[in-house]
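Enquirer: For reference, the structure I am asking about is given below.
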Amino acid sequence: MGSTCDRSFTQFMWKLCLLLACCTITLTLAADDESFSNSTMLKRLHEDDYDDGMLMVASRGIENNDVDEEGVCPDGLMVAAWKPQKNLSTGDRVARGLVYFFVMIYLFIGVSIVSDRFMAAIEVITSKEKEVIIKKKNGEKQIVVVRVWNETVANLTLMALGSSAPEILLSIIEMFAKKFQAGDLGPGTIVGSAAYNLFVIIALCIVVIPNGEVRKIKHLRVFFVTATWSVFAYIWLYLILAQISPGRVEVWEGLLTFMFFPATVLTAYIADRRLLIFKYLDKNYRMNKRGVIVSAEGDAALEMDQQQQTDKLAADSDEMREFDEARREYISLLKELRAKYPQSDLEQLEMIAQEQMINRGPKSRAFYRIQATRRMVGSGNIMRKIQERAQSDLNEIKAQLQRVDVNVEEDEAILRVFFDPGHYTVMESCGEFEVRVVRRGDLSGYTTVEYETEDGSAEAGSDYVGKKGVLNFPPGVDEQRFKIEIIDDDVFEQDEHFYIRLSNASDPAVLAVPKVATVMILDDDHAGIFAITQSSHELTESVGVYEVKVQRYSGARGKVLLPYWTEDGTAKAGKDYEPQEGQLVFENNETEKNIAVGIIEEGSYEKDVVFYVNIGEPTLAPVPTNTMNFNDELAGLIQAAEQKSPEDLTEEDKMALLGRPKAGETTRALLRIIESKEFKNTIDKLVQRANASMVLGTSSWKEQFVEALTVTSAEDGGEEEGEEPTPTCANYVMHFITLFWKILFAFVPPTEIAGGYLCFFVSICAIGVVTAIIGDVAGHFGCTLGIKDAVTAICFVALGTSIPDTFASKVAAIQDKYADASVGNVTGSNAVNVFLGIGVAWTVAAIYHEAQGQVFAVQPGTLAFSVTLFCSEAFIAILILMLRRSKSVGAELGGPVTIKYISGFFLFSLWLIYIIVSSLEAYGIIKGF
């Protein structure tokens with residue numbers, strides 16, 4: 001469907017160009033040449049209220065116009081006029097006009113291709129990223145990757161310059177070509193391009209949205225600001241041409257026109273960041289039940305839906321909010337893919353999700369402009385590079401996460417002595433146990449270290465035999481052992497502990513942690529107290545099997561049975577974990593057991609659910625009297641006492657019952673399942689890399705020449721993995737037609753050199769050269785056919801320079817979830833075109849004439865009329881966009897089928913009215929200013 005729509009739209013644009021050419025040629029051939037002669041123009045000029053100095057300069061400007069009194073076209077700045085020029089027949093002029101027309105088209109293709117390189121450089125520059133440490137409200141810190149360039153500033157500066165460079169440069173170059181005299185081609189192209197962008201591109205974007213879908217402008221405050229500036233820019237042109245200083249432009253007017261450019265960027269940035277007055281504009285006011293007016297938070301429906309507003313209020317910063325939104329979208333994608341492809345493993349799904357994240361993620365106007373240009377000229381579909389990038393990102397991140405970072409905490413050259421292990425748990429009946437001391441580092445020397453026991457709750461002499469001594473480590477020996485004796489008794493007592501401390505290590509050895517060992521003595525004269533070692537456990541869903549440790553303390557005599565079971569909380573058995581139920585069997589003198597619980601991995605980022613593991617009352621295992629041994633003697637006494645009634649119990653029985661196994665304090669453990677840290681890190685890193693601009697740049701000249709010489713399909717790949725679409729006949733035709741431009745501009749430095757800045761400057765110089773040739777050819781085209789520069793500008797040059805933006809906006813409207821990349825930047829570009837293109841050219845020209853003691857004359861009629869007409873229609877177009885945000889439509893683009901086609905047709909009609917009425921005024925058929 002997409003490819004069919006692209007072909008239909010391409011055919012429509014070609015037919016439109018040819019139709020305009022034929023209509024204009026017919027109109028000019030049918031017109032009376034004498035009515036448009038220079039003498040008539042001079043007569044009209046004399047009728048205006050100009051002073052003598054202005055009249056002299058204006059007359060000189062007309063004498064330098066495209067056609068002299070003998071009908072000869074002057075040479076251009078870079079392209080000479082087609083000779084011979086005199087005594088040409090009508091057929092010759094038409095033939096030459098058609099040649100110039102198709103040469104212009106070819107030059108437009110060339111400037112589009114070099115603009116591709118220019119936009120790639122701009123995208124690389126503006127997509128530079130930095131790491132920002134975000135502190136959450138809970139105190140947790142997170143590193144988020146954000147762009148260095150503010151999106152609004154980038155769009156209004158480099159992005160606007162990139163998309164409008166031909167129009168801006170044409171205006172400046174024309175001024176130099178006409179020896180600092182005013183021309184119609186440059187300013188006319190800027191105004192004509194603005195009209196085409198505002199009416200035709202927005203009309204197209206409204207219509208191409210799939211039925212049932214809409215696209216909103218996300219940064220509406222910025223859109224309001226740039227829309228205001230775009231209309232003001234053309235009102236300002238009218239004021240300085242027809243009101244403030246009619247027929248001339250003064251230096252301060254040119255400088256002020258240029259200074260409106262930074263003012264536009266600054267005010268848009270203030271609106272974007274909610275600075276100054278804009279931070280109060282999210283408040284609205286309502287009347288409560290008592291009739292009192294109170295303030296409330298704005299509904300923000302113009303910017304985002306209710307859920308997004310909630311996220312915004314909850315976020316700690318804009319960067320964190322944007323990162324969280326991208327992360328939630330990634331998780332949602334992953335869940336959809338898991339449901340769609342249940343047999344695929346997590347890594348495959350992550351790769352697909354990353355690819356779709358890059359596809360769905362916000363893309364700049366540069367991305368869509370480059371994609372449109374490459375599709376037009378048979379350079380392939382840039383989306384396939386995204387697939388390769390997604391796979392590369394996933395592989396790289398997995399490698400990073402699996403890589404073990406070896407952090408050397410201490411210098412290996414230092415000789416260290418310490419206990420290994422640092423904790424010992426022994427039974428009271430063990431007799432004696434062995435303690436291990438090790439040394440690490442340079443083992444070539446001789447080392448001694450002292451050790452000594454130290455009382456804790458256990459006392460030397462009654463619970464253990466105190467000991468001290470010296471350990472000797474000969475060269476090459478890395479460990480020594482010594483024994484400690486434990487004293488056994490028949491008295492019930494709590495578990496006790498004591499310490500063993502190292503001291504006085506010989507030089508150069510140093511004592512390292514643990515230099516104190518803790519020894520826990522478990523009383524074995526009791527069946528034991530049973531408890532879960534931790535009441536709360538936090539585990540990741542990727543753990544597989546998690547073991548909950550159950551400890552037996554204050555005795556370990558006899559065989560004990562301990563029941564256990566799992567219990568649902570917010571985590572559900574069979575969905576989040578595998579249910580368990582059974583008995584733990586503690587053999588005589590056994591002190592630890594584990595309950596193994598299987599955790600089910602779902603691949604959920606924000607998983608946070610709990611369930612419980614419980615243990616019941618422990619019981620002694622039945623012991624047959626004929627097999628009872630010494631260790632089971634206590635168990636036998638307890639079993640015998642339990643069978644007696646309370647009144648029949650002897651003192652011995654009562655003492656035996658005191659030794660029964662008991663449940664400790666912690667019999668219920670909470671297990672909290674959270675997201676896998678590896679999975680979380682993978683998602684965070686993939687989200688940070690979900691930047692489509694990374695695929696636009698080039699790293700070497702070899703890569704650029706390979707791309708230039710390779711013909712690839714502009715269509716997307718098939719559903720099957722690895723399937724490559726075959727280039728069509730149209731792809732081959734466009735490839736060979738544009739091969740010259742591709743090879744020529746492959747010499748532009750790659751974007752990886754100097755961070756893209758070298759490519760930026762070389763590309764803009766190349767655009768300037770091609771634009772200068774376009775200006776010459778367009779002038780020869782109009783001169784040959786008798787078409788005025790103003791008409792050539794708005795009907796042909798403006799259309800040719802805007803076609804790549806048309807394709808880009810169409811694709812952006814369909815693929816992007818917001819309307820900013822398709823229509824939100826139109827108003828900003830229109831304002832920047834005037835402030836840079838006309839502001840720079842007229843400032844330089846005004847300064848030049850001021851230095852010569854002259855005035856810079858600019859004929860107000862055609863341009864002032866065109867600007868006035870455009871402003872009037874621009875108000876209507878912007879009003880239509882605002883009305884479309886009402887509940888009946890809900891967004892600038894798309895909506896109900898009938899409404900969107902009516903809106904699109906009406907906006908397109910505004911453009912037709914603009915070019916027809918402007919052309920009629922230019923030829924004097926209707927009166928202008």
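Each residue, glycine too, has its Cβ placed from N, Cα and C.
Just so you know, TrEMBL annotations are computer predictions that nobody has curated.
Here's the feature list from TrEMBL:
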SIGNAL    1-30  signal peptide
TRANSMEM  98-120  transmembrane segment
TRANSMEM  156-177  transmembrane segment
TRANSMEM  189-210  transmembrane segment
TRANSMEM  222-245  transmembrane segment
TRANSMEM  251-271  transmembrane segment
DOMAIN    404-503  domain 'Calx-beta'
DOMAIN    517-616  domain 'Calx-beta'
TRANSMEM  754-778  transmembrane segment
TRANSMEM  831-849  transmembrane segment
TRANSMEM  861-883  transmembrane segment
TRANSMEM  904-926  transmembrane segment
Enquirer: Cβ under 8 Å to the transmembrane segment (156-177), counting only same-chain residues 6 or more beyond its ends: which ones?
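Expert: Non-local partners: 76-77, 111, 115, 118-119, 122, 125-126, 183, 185-187, 189-190, 193, 226, 264-265, 268, 364-366, 369, 764, 767-768, 770-772, 774-776, 797-798, 801, 805, 825, 828-829, 832-833, 836-838, 840-842, 844-845.
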Enquirer: Going along the chain, which residues at least six beyond the ends of the transmembrane segment (904-926) come within the CB cut-off of under 8 Å?
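Expert: Sequence-remote neighbours of the transmembrane segment (904-926) are 27, 31, 35-36, 40, 44, 192, 195-196, 199-200, 202-204, 206-207, 788, 790-791, 794-795, 861-862, 865-866, 869-870, 873, 876-877, 880.
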Enquirer: By Cβ distance under 8 Å, which residues at least 6 away from the ends of the transmembrane segment (831-849) in the same chain are close to it?
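Expert: Answer is 57, 156, 160-161, 164, 167-172, 174-175, 180-182, 186-187, 190, 193-194, 226, 229-230, 232-234, 236-237, 249-251, 253-255, 257-261, 264, 855-856, 858.
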Enquirer: Would you mind giving the whole-number mean pLDDT across the domain 'Calx-beta' (517-616)?
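Expert: Mean pLDDT across the domain 'Calx-beta' (517-616) comes out at 82.
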Enquirer: Report the DSSP secondary-structure composition of the domain 'Calx-beta' (517-616) as helix, strand and coil residue counts.
Expert: 3 helix, 57 strand, 40 coil
